[in-house]
Amino acid sequence: MPEHGAASRLCFCGLCFLLQILNILLFAVFVRYSPESSPGRCPPQLNCSQRDQDSGFQHPRFQDVHIQMLLAFGLLVAFLGRYGPGSVAISILITAFAIQWAVLIQGFFNFFLNGKIYMGAQSMVSADFCTAAVLISTGAVLGRVNPLQMLLLALLEVTLCTLNEYILLNLMGVSDTGRSLTVHTFGAYFGLMVSRMLHQPHMDKRKKEEQQDTGHQPDVFAVVGTIYLWIFWPSFISATTTVHDNAENWAVLNTYFSLVGSTVATFILCPVLYEGSTPRMVQIQDATLAGTAVMGMAGEMLVTPFGALIAGFLAGLISPLGFRFFTPVLHSRLKIQDTCGVHNVHGLPGILGGLLGTLLTLLATADTYGDRLELVFPLVVPGSRTVTDQAFIQLSALPLTLLVATLGGCLTG
């Protein structure tokens, strides 16, 4: 066993070394600074009209999104007494690798010109979004994969996540600013299918123990993670280029109201489903995440404040109900071991967010949106498609995402 452990460590170190050297070489050949983020003269082939916007508008949101990645997502797994400390360290490793790989893969799809990838603040935000999907997926397989396998998962998922995002956002013209589908839904079902392929019957006896492992320190981690979610997630929703000016206010306000509704829903339902007069912080954290996931697609749309409250409230109900009733079914019938409950926290709320976004698209009119309609649905205003066409495309993006995520998860598993 010691020899086997030493061999595994050497394989892990060797893979890290090879992947990092590969990233360095690819960066040296392809990656250059974007003119929008450098003071030099702008090449005539590139549009530098956004130079001031890139440095003044995007960088604060990039910092907020990056804090989300390293702190909020890292602390989401800290509540697991058995896997928490090691998983936080691995989440930092996955973040460090996935961001580099995502910059390259997304660069070839979105920022490639004249044989080079031009990297700016927006490309870093996009890389963080893709990394978030990977971190969501790892929550479904904690305890059943080693760090070497985590790196391989990140390598494959970043590629498939970028492909799915390119098809939805670039080819189909789907409006998914806060990534209900391309991050939450994709990451959840990708991870669930990997978990299904790696099903280990002997884990059944340990599952209940590791998910019920409680204590003061895990709740402290959950408190910090929940606070970071509340502070920074509205910036996560409004960090992409499609949200400008007044439309940004919609994304921020809708997200905050959704957070409010989901949190109150937890205090209503959890004492009924579980013993105890008040929910544990981990349950509040899960419901908070569900409330943000449901606003991913609809965040920049005309949800209205009461609509955001309703959506957040429903998402806050879905999370504890899923843990109480749906997770046992996944485990017993489908043999899916979901360590962190990503299906209830990201998967189901992401699907709800996709359906909500489709409904709001169908109800969108120039009278209600005004000049914001062009910002949210840029292909509708020029007349290339009707609102009904856009709503159908929004709806079709959901099964397509589920298909790519499940097939990709099976392949990776």
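Easy rule for this one: first residue shown is 1, then count along the chain.
Quick reminder: no glycine exception, Cβ is built from N, Cα and C everywhere.
Positions annotated as transmembrane segment by TrEMBL: 12-31 (among others). Long-range contacts of the transmembrane segment (12-31) within the same chain: residues 93, 97, 100-101, 103-104, 107-108, 112, 115-117, 119, 146-148, 151-152, 155, each at least 6 residues beyond the stretch ends and with a Cβ under 8 Å from a Cβ of the stretch.
The domain 'Ammonium transporter AmtB-like' annotation in TrEMBL covers 60-412.
The transmembrane segment annotation in TrEMBL covers 65-81 (among others).
As annotated by TrEMBL, transmembrane segment applies to 88-109 (among others).
The transmembrane segment annotation in TrEMBL covers 121-143 (among others).
If you look up TrEMBL, you'll see 150-169 (among others) marked as transmembrane segment.
Under 8 Å from some Cβ of the transmembrane segment (181-199) lie the Cβ atoms of residues 129-130, 132-141, 144-145, 153, 157, 160-161, 164-165, 168-169, 174, 293, 296-297, 330, 334-339, 342-343, 345-347, 349-351, 353-354, 397-398, 401-402, 404-406, 408-410, 412-413, all in the same chain and six or more residues away from its ends. Per TrEMBL, the feature transmembrane segment maps to 181-199 (among others).
The transmembrane segment annotation in TrEMBL covers 220-236 (among others).
Taken from TrEMBL, the feature transmembrane segment applies to 256-274 (among others).
Per TrEMBL, the feature transmembrane segment maps to 309-326 (among others).
Annotated transmembrane segment per TrEMBL: 347-366 (among others), in sequence order.
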What stretch, picked from 88-109, 150-169, 220-236, 256-274, 347-366, has the most CB pairs under 8 A with the transmembrane segment (309-326)? 256-274
Of the listed stretches 88-109, 150-169, 220-236, the one with the highest count of C-beta pairs below 8 angstroms to the transmembrane segment (256-274) is 220-236
